[in-house]
Structure formats: C-alpha cells, structure tokens
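Listed in Swiss-Prot:
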{"type": "TRANSMEM", "residues": "20-40", "note": "transmembrane segment"}
{"type": "TRANSMEM", "residues": "54-74", "note": "transmembrane segment"}
{"type": "TRANSMEM", "residues": "97-119", "note": "transmembrane segment"}
{"type": "TRANSMEM", "residues": "141-161", "note": "transmembrane segment"}
{"type": "TRANSMEM", "residues": "168-188", "note": "transmembrane segment"}
{"type": "TRANSMEM", "residues": "217-237", "note": "transmembrane segment"}
Amino acid sequence: MVKLAFGSFRDSLSAASLKAYVAEFIATLLFVFAGVGSAIAYSQLTKGGALDPAGLVAIAIAHAFALFVGVSMAANISGGHLNPAVTFGLAVGGHITILTGILYWVAQLLGASVACFLLQYVTHGQAIPTHGVSGISEIEGVVMEIVITFALVYTVYATAADPKKGSLGTIAPMAIGFIVGANILAAGPFSGGSMNPARSFGPAVAAGNFAGNWVYWVGPLVGGGLAGLVYGDVFIASYQPVGQQEYP
C-alpha cells in the first residue's frame, strides 16, 4: 500500500530541513563529480578510446567508493539519499513527505548539474559523457534500469530504513556503494547503469544533450517506487507502523 503524504511547508522549510537540502546538494555534487570525473579521466587516458573491461571496472569502483563516502557524509543530516529514485522509494514507503522529497530532488539535481559544469571547467572543456543505451532498445534500457534501481533501493531499505536493521545500519553506506558498483558492472555496457536520475540529468544539462534522458527518469523512479512498495508492505508493515520509524 502506497503511503505517500504531502507534508507541510512549515516542516519542509524548517532549519533542519534546510540543512538537509544543503547536505544533499553537497554530497550529490561530490558523488557526481567523482563518478563523471572517472569517465572523463578514462577517456583522457585512452585518448577517447572505447570503453573496455578495465575501464568499466575502474568507473564502477569510482562510483561505488564515491557513493559510499557521499552517503556516509550526509546520512546523519539528510539520510544520505543523493538520488531522486531513492527519495521517491522512501516517499512511497512513508519515510519522507512529497513536499520535502521535491525539495530533495531540487538539491540533488542542482548538485549534479553544478558538478558537471565544474568538471567541464577544470578539464578545459572536455566533453561530458552522457548516459545512453547501447546494443539494446530504449524500452529494454528502461527495464534494465527498473531492475538495478529496485536492487539499489531495496538495499537502502534493508540496511538503512528497516527499523530492525540493528547494527546492520553501520554498513549501510558500504552496502549501498557495493550494489551500485555491481550494477554498473552488470548494466554499464547496455543502459549505462545509472539508477539515478540526477546522475544522468547533470551530464545532460552540461552537455546540452537530453536524447534518451527519459529512460533514466522512468526506469529508476519505477524501480525505486516498486522497492519501496514491496519492502514497506511485505516486511516493515508486518511488524511496525511506518509512522514510528526514524529514517531518514
């Protein structure tokens, strides 16, 4: 059962909420800077060569490490979402209101866009790589993104949002980073392995190229929403009302 709640402007504009938006902006900026930066660095080192297995592994590791750190640095302030799909998945489960979630989205999208413009500047105008499907159709890309984003948001629920997580919560940032790295290894050659509308939106803004960008909104949001619905209804709802939970 979907537990979406609109929320109030008073709560969404409180001092604590404003700090959360700043934390999301900074953490998303740093994550995207490292993630997209790793792809630019690979292109520079190979003189624009095609992505090979070593490059895919390097980029996956960079994203995993950067997300691990980004979630860790923002977790105590905003919950460490860094991703509109994670925010949406948590909203579906009743962990964040729609209004606050929208403002999280704004912070995340701004952070990702600023990161890519910074990369464009500090690399002396290097092309910003954008996500796009390769060897598959856009619909197949959407399905791929649904599956891998479901895995990501399900991991967020299991390690961070579940009230019975106990000491497992201490490894949540690491687990979240690991699943993103693994999914990039699996989906990178096909859909790009985004799982994150902000991660795809920032490069599209900086490059001025939104071709196929809808894939990285529809897929991740559907996957994140399904994960929130499944984990929230099947597991969390069976032992504790959502209103009593602490995350984010």
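Here the Cβ of each residue, glycine as well, is placed from N, Cα and C on the backbone.
Of the recorded ranges 20-40, 54-74, 97-119, 141-161, 217-237, the transmembrane segment (168-188) has the largest number of C-beta contacts under 8 angstroms with 54-74. Using a Cβ-Cβ cut-off under 8 Å and counting only residues 6 or more beyond its ends in the same chain, the transmembrane segment (141-161) has close neighbours at 75, 79-80, 83, 85-86, 89-90, 93, 95, 133, 168-169, 171-172, 175-176, 179-180, 183, 186-187, 190-191, 193-196, 212, 215-216, 218-224, 226-228, 230-232, 235-236, 245, 247-248.
Tertiary neighbourhood of the transmembrane segment (97-119): same-chain residues 4-9, 11-12, 17, 20-22, 24-33, 36-37, 40, 78, 81-84, 87-88, 90-91, 126, 128, 197-199, 201-203, 205-207, selected by CB-CB distance under 8 Å and a gap of 6+ residues from either end.
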